Amino acid sequence: MLRAVRALICRIGARRTLSVSSSRLDVSTSNIAQYKVIDHAYDVVIIGAGGAGLRAAMGLGEAGFKTAVVTKMFPTRSHTTAAQGGINAALGSMNPDDWKWHFYDTAKGSDWLGDQNAMHYLTRNAVEAVTELENFGMPFSRTPEGKIYQRSFGGQSNNYGKGGVAKRTCCVADRTGHSMLHTLYGNSLRCHCTFFIEYFALDLLMDKGRCVGVIALCLEDGTIHRFRSKRTIVATGGYGRAYFSCTTAHMNTGDGTALATRAGIALEDLEFIQFHPTGIYGVGCLITEGSRGEGGFLVNSEGERFMERYAPKAKDLASRDVVSRAETIEIMEGRGVGPEKDHIYLQLHHLPAEQLHQRLPGISETAKIFAGVDVTKEPIPVIPTVHYNMGGIPTNYKAQVIKYTKEGGDKIVPGLYACGECACHSVHGANRLGANSLLDAVVFGRACSINIKEELKPDEKIPELPEGAGEESIANLDAVRYANGDVPTAELRLTMQKTMQKHAGVFRRGDILAEGVKKMMDLSKELKRLKTTDRSLIWNSDLTESLELQNLMLNATQTIVAAENRKESRGAHARDDFPKREDEYDYSKPIEGQTKRPFEKHWRKHTLTKQDPRTGHITLDYRPVIDKTLDPAEVDWIPPIIRSY
């Protein structure tokens with residue numbers, strides 16, 4: 001092992017310069033022989049230890065695969081723990097239900113940008129996934145009869161939208177993600193997975209288009225670790241911290257999507273950013289949609305339950321994009337609350353105190369701490385807040401990462417999987433339904449393990465790394481560590497976040513987006529002016545935050561470019577200058593007699609953004625939406641309609 005380490009250091013020290021992405025600093029290899037490099041070999045390496053990563057790890061460990069989990073924080077601190085409201089599955093505990101109704105709601109919620117084969121896989125496997133969680137020991141809330149308790153969530157209906165609001169969301173009070181994370185972590189330890197905790201993934205290791213592992217920095221002692229593997233799973237979460245006001249934790253910096261970008265993989269549908277209707281005003285902390293599922297409602301300055309005007313049937317339980325836009329319109333038209341009339345009230349105090357204590361204990365505490373509100377007596381001040389990324393690393397329904405070409409269609413990237421929020425299986429399309437996120441995590445984390453078990457055997461040979469693997473990553477690390485510009489990381493990050501908040505918000509307009517694109521491109525060049533004040537390698541948060549900013553910048557620039565280019569309104573992407581959804585047909589009218597628009601003339605297609613790793617230039621392409629289900633005899637595709645709730 002030591003001989004291999006010394007050999008790598010010698011090879012790295014022999015090189016002089018490297019050409020790197022514009023999102024990185026100008027680097028030189030002259031100083032990097034000082035870094036200790038340690039090699040590891042595993043059947044599978046998983047980057048990230050949230051719900052998706054842990055579910056994949058557990059399945060692989062049970063099957064006897066030597067599995068490593070590389071995570072930049074302790075697993076139970078992963079952002080899955082912040083998920084409050086629940087996980088969707090058509091169990092039928094509270095009322096008759098059918099997974100096909102769940103499938104319909106998911107397709108409708110996506111505003112018909114989701115791939116229906118993947119949505120078929122998600123909803124058909126939902127009941128089994130939740131039952132497995134129960135068997136693993138997840139302590140779901142119960143009905144008096146002992147069944148898993150289910151609440152209403154936005155966009156969920158019975159009988160294909162004809163039977164009223166469904167109760168489909170299984171929960172553990174309002175701490176569902178916390179409970180899931182602890183359950184999965186405990187079970188993955190039982191399966192003998194090896195955890196590399198507080199390791200920061202620097203880059204995927206690629207060999208002629210195949211992923212053969214990952215290179216990471218140990219935050220505790222500054223050593224570099226190269227993990228070679230037969231399969232690599234990216235499960236790093238979203239990039240909410242590209243925005244100023246968001247519900248996501250500070251570690252949600254788009255590391256996985258940035259890893260994919262630097263590996264030459266185009267990202268899918270990044271323009272679709274979900275704004276949750278109820279983030280605490282001025283703070284951003286999440287107030288679960290479950291609070292409205294339990295009977296809470298939104299009011300404006302006139303005390304009006306205004307959602308009745310925007311969604312006469314679903315009211316406060318319309319899909320999140322609809323509710324967030326309604327709130328924003330109320331504020332823009334002068335009906336906001338507070339001294340500045342710039343937010344909305346969420347009212348819960350009409351509900352029995354016992355119900356709040358039993359079903360919503362966490363948000364009662366959160367509202368008290370962060371808003372100074374007693375929910376049994378006062379409304380909670382809320383505002384739409386960045387919450388979720390619908391886009392990410394494109395995959396098929398098996399969670400295999402794909403590249404799309406017009407000539408060959410979808411092609412699998414050998415050796416690479418993705419799951420969780422960093423992935424775009426395209427089950428959410430243009431707008432995710434509440435409580436489909438935890439479901440996405442466990443279903444596609446599970447899919448990773450199922451498909452890897454079909455592809456591999458534990459005793460197969462692990463491929464060798466190519467010559468000089470990871471050199472560029474170490475050189476960039478060294479350049480960031482010794483960066484001596486005049487712009488502090490925190491200052492540049494704040495400017496980026498405010499730019500994204502202002503120019504790519506709930507409502508968008510061409511001139512504002514174009515201005516935002518220019519600003520973001522200029523800001524990305526400012527990365528070369530970063531100043532790192534701490535030169536150490538041991539628990540150096542200044543260094544880590546600079547690396548995270550590089551990742552955030554890649555995500556933010558691709559997001560705003562994709563948003564500026566999509567000239568329609570669909571789901572979470574709402575354009576004032578292009579207020580209509582542009583499909584291949586006008587679905588507000590009978591399609592008989594209509595001529596189908598060619599692919600380049602409509603917008604019911606996935607955006608693909610590919611950022612050049614050397615120039616920073618972003619190339620746009622488009623991928624067709626998959627309308628065909630996995631088995632039309634089991635459930636046929638849901639044709640587009642004009643959404644209403």
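Each Cβ is built from the backbone N, Cα and C atoms, and glycine gets one as well.
Record features (Swiss-Prot):
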ACT_SITE  Arg320  active site, proton acceptor
BINDING   Ala49, Ala52, 71-72, Ser78, Thr80, 84-86, Ala201, Asp255, Glu421, Arg432, 437-438  FAD binding site
BINDING   Gly85, His276, Thr288, Glu289, His387, Arg432, Ala435  fumarate binding site
MOD_RES   His79  tele-8alpha-FAD histidine
TRANSIT   1-18  transit peptide
Rounded to the nearest Å - Cα separation of Gln84 (FAD binding site) and Thr288 (fumarate binding site): 6
Any further residue of that chain within 8 Å (Cβ to the Cβ centroid of Gly85, His276, Thr288, Glu289, His387, Arg432, Ala435) of the recorded fumarate site: Ala83, Gln84, Phe153, Gly154, Leu286, Gly290, Arg320, Tyr388, Gly434, Ser437
Whole-number Å value of the largest CA-CA distance among Gly85, His276, Thr288, Glu289, His387, Arg432, Ala435, listed as fumarate-binding: 14
Pairwise CA distance, Leu438 (FAD binding site) versus Gly85 (fumarate binding site), rounded so that it is a whole Å: 10
Distance [Cα-Cα, Å, rounded] between Ala435 (fumarate binding site) and Gly86 (FAD binding site): 5
His387 (fumarate binding site): secondary structure state under DSSP, collapsed to three categories: strand
DSSP three-state assignment for Thr71 (FAD binding site): strand
For Arg432 (FAD binding site), the one of His79, His276, Glu289 that lies nearest, given that the recorded positions are compared by Cα: His276
Cβ neighbours of His276 (fumarate binding site) where a neighbour is any other Cβ within 10 Å: 23
